[in-house]
Every structure is written in C-alpha cells, then in structure tokens.
Amino acid sequence: VLSFIIFICYIASSAASFMMAPLLEFLLALFLFFAYASKLNEKFKGLYWPLTDFLRCVTAAIIYFAISIAAVSKYTDGASKAAGVFGFIATIVFAIDFYITFNDLVTFLKQGTSSPPEERKSD
C-alpha cells in the first residue's frame, strides 16, 4: 500500500523521474503476495521463496531511503515532500520486514545443518 501511495505522490510531483522504483516494488510485492496466496511456493520448490522476499526487502529499503533523501532535499513541492516522508516510512517498514525474514532465513539454515550426517543419510 505504501509503495502505491508513494507512486501516486511521485506522479503528482515534479520528481516524476522517481516513480519507477515504487511502481516496480508495488508490482513485485503484488506478485509475491499472489504467489504465497495461491501456494506457488509449495509447487515450485526450486526457488527458495523466503530468500526472494529477503532480497526484495533489502533492495527496497535501500532504494526507498536513497530516493526519499533526494526527493526531500532537492524538490520543493508538497507532493515530493510527501513522497519522501512516505518513503522514509516505507524504509522503516521494509527494514522490519527484512529483520523478520532474516530471522526466518537463519532458522531455516540452522535446521539444514543441525542433524549429524549419519541421520541425514538415513532420511
């Protein structure tokens, strides 16, 4: 939702060159939402879905932070300032999502190496 709001703010502002990042992030988040909702993650085992979500969160947090700084400092219209503020909020939300996903990723990796090799061979 934040990505869509930021996209609308950038369309209405003089910083319209930044509108592609929130649009792509919105579409990618929408794809992952529908992939999880339709259980595509259970059908396609070759792709590790939490890692995909982890990389999306990391890149989104970095990109939103960078374009928010540019939008707030360089442009003077209200829509650019609003997009920058929403971008900072989105950075915090993606950082929290990054932390949660990272903990899931670490838990998964620890499960894979917790059993001795003899037990894994018998499985």
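Placed from the backbone N, Cα and C atoms, the Cβ positions cover glycine too.
Feature annotations, reproduced from TrEMBL:
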- 1-106: domain 'MARVEL' (DOMAIN)
- 7-35: transmembrane segment (TRANSMEM)
- 47-70: transmembrane segment (TRANSMEM)
- 82-102: transmembrane segment (TRANSMEM)
Pull the DSSP breakdown for the domain 'MARVEL' (1-106) and write it out as helix, strand, coil residue counts.
91 helix, 0 strand, 15 coil
Over the span of the domain 'MARVEL' (1-106), how high is the average pLDDT in this prediction?
89
